[in-house]
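Novice: Per TrEMBL, the features are:
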type	residues	note
DOMAIN	3-76	domain 'MIP18 family-like'
BINDING	Gly107, Lys108, Gly109, Gly110, Val111, Gly112, Lys113, Ser114	ATP binding site
REGION	352-372	region 'Disordered'
Amino acid sequence: MTEDKVLEALSHVIYPGFTKDIVSFGFVKGVEIDDNDRVKVTIEITSSADEVKMQLIKDIETELAKAGAEDVQVEIIAPKKPVERSNSMTGKNIAPQVKDFLMISSGKGGVGKSTTAVNLAIAMAMQGKKVGLLDADIYGPNIPRMMGIENVKPEVVGNKVKPIEAYGIEVMSMGSLMEPGQSLIWRGAMIMKAIEQFLRDILWSDLDVLVIDMPPGTGDAQLTLAQSVPVTAGVTVTTPQEVSLDDSRRSLDMFQKLHIPIAGVIENMSGFICPGDGKEYDIFGMGTSKPVAEEYGTELLARIPIEPQVRIGGDTGKPVTYHHPESETAKRFQEAANKVIAFMEKVDEEGGADNAAIQPTTPPGVSACSMK
Ligand SMILES: Nc1ncnc2c1ncn2[C@@H]1O[C@H](COP(=O)(O)OP(=O)(O)OP(=O)(O)O)[C@@H](O)[C@H]1O
């Protein structure tokens, strides 16, 4: 017997109730083979149902016996409990069903933050992640148009709201809750309430990642979000001009102050890909945000070129990553998504993000200014 042979045999064991096998699911955590072809396999599953375990053991024994194992021992273990980050004594998580929170920020408006949030979310969903997309840009909620759900009203269940499904993603936006063209004058307290409700009163499923499109700049919305949930990673979107880079420094500085691990910088409108000859031309500069990313100990995740298809995709609700996966832009968004996923996994492995240090220090209703 060899490990490959064992894994080959195990790839015929379908996880009960699903169509995928236990190897593809990544449930096989260990294989030991001794000189007498006796095999021990360790399987890690969350299910505690005894019938699932019994069925698995039976199927594993059958397949390994067929492959020539002399004796089979199956150990079924439960995944290690994630480090208490969500409901830790001092930290706060009002949406514990979400594994990772990804904050997409920019120092200023119009740099392509929403475009990035949409395309990263779609790239992650295309890689099999269960993704939610929260448009927390309450001042200018553009996500419904970009996701092609402009005229879709969400379903209300009791006093909660179901997210709208689009491109396999759960989406919620202030734009979906208000009449078209309507605007609100947001005061600090209202922003805080809105952000909290987006997390608590929307029926998000058990998501792998909730991508959050923030309002531009650094303010109440960012602080409230970071105090309400442990944000796993932050991504700053910038354009390459110096004036824009100054603003992106502020955004990166905010991540640091809010104890948000920084996944990196996306440099948007970085060069222009000419539809005629497919060549890349420099317009605003290219790669200028790399040194800025390095100043903050992080990396440039991707340079996204100006491509007419990106704007058309945004205006018509047909995101480029989904509708033109062969385009250069889509490929770069996919690469950036890979890097962000790997980064979030690393943060989780190392104990997860923790927002304990940024919780308000004053009791509810008491202004920090009134305290000595
Ligand atoms: N790489 C690109 N190529 C072509 N057009 C782009 C690109 N990135 C963004 N755009 C277009 O630029 C406009 C602004 O982008 P977007 O709305 O994503 O910016 P934003 O930073 O979220 O803005 P706001 O701060 O106003 O919410 C949109 O029309 C979008 O389609």
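The backbone N, Cα and C atoms fix where each Cβ goes, and this holds for glycine too.
Could you tell me the structural context for the features on the list?
Specialist: Across the domain 'MIP18 family-like' (3-76), the model assigns an average pLDDT of 89.
Under a cutoff of 8 A between CB atoms, and with a sequence separation of 6+ in the same chain, the neighbours of Gly112 (ATP binding site) are Ser106, Val237, Thr239, Ile266, Asn268, Met269, Ile304, Val310. Mapped onto three states, the DSSP output places Gly112 (ATP binding site) in coil.
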Novice: Do you know which of the binding-site residues Lys108, Val111, Lys113, Ser114 end up with C-beta under 6 Å from ligand 1?
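Specialist: The binding-site residues passing the 6 Å Cβ test are Val111, Lys113, Ser114.
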Novice: Please work out which residue of Gly107, Gly109, Gly110 has the most C-beta neighbours within 10 angstroms of its C-beta, and give that one of the binding-site residues.
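Specialist: Of Gly107, Gly109, Gly110, the one with the most crowded Cβ is Gly107.
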Novice: Taking the recorded ATP site as Gly107, Lys108, Gly109, Gly110, Val111, Gly112, Lys113, Ser114, identify the other residues of that chain whose CB atom sits within 8 Å of the mean position of the site's CB atoms, giving them in sequence order.
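Specialist: Checked against the 8 Å cutoff, the neighbours are Ser106, Pro216, Val237, Thr239.
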Novice: Determine the minimum-neighbour residue: among Lys108, Lys113, listed as binding-site residues, which Cβ has the fewest other Cβ atoms within 10 angstroms?
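Specialist: Among the binding-site residues Lys108, Lys113, the lowest count of other Cβ atoms within 10 Å belongs to Lys108.
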Novice: Tell me the Cβ contacts of Val111 (ATP binding site) under 8 Å, same chain only and six or more apart in sequence, or just say none.
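Specialist: Val111 (ATP binding site) has long-range Cβ partners Pro216, Val237, Thr238, Thr239, Ser244, Asn268, Met269.
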